[in-house]
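Summarising the annotation, TrEMBL assigns transmembrane segment to 20-41, 53-76, 97-118, 151-172, 184-208, 235-255.
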Amino acid sequence: MLEKIQKALTIRSGTIREMLAEALGMFILMVFGLSSVAQVVLGRGDFGQHLSINLGFGIGVTLGIHAAGGISGAHLNAAITLTHCILGNLPWRKLPAYLMGQFLGSFTAAATVFALYYDALYDYTKGNFTVTGPTATASIFATYPAPHVSLLGGFFTEFMATAMLLLGILVIHDEKNNGALKGTQALLTGILVLGIGLGMGMNTGYAINPSRDLPPRVFTAIAGWGMDVFTAGHHWWWVPLTAPVLGSLAGVLIYKLFIDLHNRPVLESLNEKGQPAVQIS
């Protein structure tokens, strides 16, 4: 009986399996990340500080990659998925499935954290969900620029943070170079995100990922914060969508120009020089 149920539930389409993997990986990432923000904000500093948020997202990234990595490659980021399509590493026909999975996982995670902390949200705001002000809570779910940051400054911050994300990912996974040991890539990627948050999180909250920012923003618009989530910060909402995509492409370009294009396998270099290829243990 159990075997029949298992066969009935088994999905044979590779694209659908990848979509589900991205959804689960993104859900895990965002539940850890958003709940850490909620605990810091709603706990009024008694249950964590800025470091707690960075650690929450770092742990979420690590576990999300472990959940989805063997099936979809664990992009968990629309900017990364789009970059893979542009580079020819992923067929364009799979782009909608990856984006749908990421957005579904992120939106569901926002709804889960909202339900998890609803009582605390109501107590903190007295039922008045606002985007700005002394009891603002929209920033629990989506990113907003700090008051001192201009729109251009925020755009550059997101651009650079995402470029560093891609540079780090390429360094970790480049087997032709000094790549990470097999099995440690997920942990190191989580540490990479932690480092970005520690060094570049003050200005904008380091969205560095359209799939991390837009679905929770849509959820907050539906759940009671209203359309202010799209107009706040001089209509900030479009920056976490565009700057990470451009930053992702810039990160790949920089790595290719400085490292990848010139770093050929040892065997290829020896053959060109007419030298015998010697295996060294």
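Note: Cβ is positioned from N, Cα and C throughout, glycine not excepted.
Keep in mind the model is a prediction, meaning the values are calculated, not measured.
Three or more CB pairs closer than 8 A are found between the transmembrane segment (97-118) and the transmembrane segment (20-41), so contact between the two stretches is assigned (pairs 6 or more residues apart). Long-range Cβ contacts of the transmembrane segment (151-172) within its own chain (Cβ-Cβ under 8 Å, at least 6 residues beyond either end) map to 79-80, 83, 145, 178-180, 185, 188-189, 192-193, 195-196, 200, 203-204, 206-209, 233-234, 236, 239-240, 242-248, 250-252, 254-255, 260.
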